[in-house]
């Protein structure tokens, strides 16, 4: 290459007094002819907008590697453990470089680091098994295979086949894939079977509980019906999957949940534990009759769910009030809040009791067992009947408060024990305690009182 370059500048414009506009100063430069294209602008503009490659060659000291390595002076600059000395090829001195298989800065301690050849298949190809080693790597064929040069040619089995994956590995991968496929297919099949089974079971219960009859009647009803058939999923969403936090009350026959349906209405859902087989056959017909009862003393029946073994009833939610009058009437009559063995208003125990009380027909509606004790019981029974009648008055201000009811019953406690009095102290305490606003009274006596979950409830305002 070029070892020395000397440039001399002169001026041919000294005899001119004014030459500035076209010759500001004199300069020269050296470039590779093949890389430079002449431009007249370069003669009078000191700003160059072109870039040209340049190579700098340098060396350390004025000794060869042999001389330096024989004496190892303190200023020996190849500091890295995996470095080597290289004589300068352009004069005296030396330079440092990392040893083969290492990369980095040879002038620093620990500056040269091992190259992982197996991680760079482009620069270090291997058709066999690559194994990295300090400063090098090996590329070998697996046992039973061979290749003239495994870094360039694939390894071939001594029996003639090309090795891709060993047989045990192939079998393991194959069995694993088959097992995973069967597991996935089995899970989907089981899930589908369970879903179909659940749908079939729901359809069976729906038919068993008279769902088709009720559905046809609702569809054929002119003007439409407010009564609705709910699905189990709808009621589950309304109650947070029947969350315990939504429970309004429990009884011997089931549980009442508060829920909110999609249109924002608050509802009360009766979820019974058992059902009378004889009654379930006429369930749909009874629901049609009950849905037509519209009385201010009766909680409105909004719908039902028939796709479960024990049908669930859906009522309008009564935010406050107690139903002690119904409890007393059930105790002295031995009948449920709603019963289906009578026509018209006789299906509502509250309405039939009020009618009998006004017409002085209490003897016809009271439980026969209570009347069998003779006239000595009639006085107490009339007082209880009068108290129940007061609790069933339409206007809340005309009904006695729970404290007044408690005092009346406590006055009757002094009398001789009567068959209608509950013998469970917890029940007595429940009946005599003042119910808070928004509560639903229930009891597990033989009258099978189902509180709000019964077929009808009385709405009693302001704790009356």
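Here the Cβ of each residue, glycine as well, is placed from N, Cα and C on the backbone.
Curation does not apply to TrEMBL; its annotations are automatic.
From a predicted model like this one, the values you see are computed outputs, not experimental measurements.
If you look up TrEMBL, you'll see 270 marked as ATP binding site. There are 25 other CB atoms within 10 A of the CB of residue 270 (ATP binding site), with all protein chains counted. Reduced to three states, the DSSP call for residue 270 (ATP binding site) is strand.
With helix defined as DSSP H, G or I and strand as E or B, the domain 'EGF-like' (114-151) counts 3 helix, 13 strand, 22 coil. Here TrEMBL flags 114-151 as domain 'EGF-like'.
Over the domain 'Protein kinase' (242-464), the average per-residue pLDDT in this prediction is 66. Residues or ranges marked as domain 'Protein kinase' in TrEMBL: 242-464.
What TrEMBL lists as transmembrane segment is 171-193.
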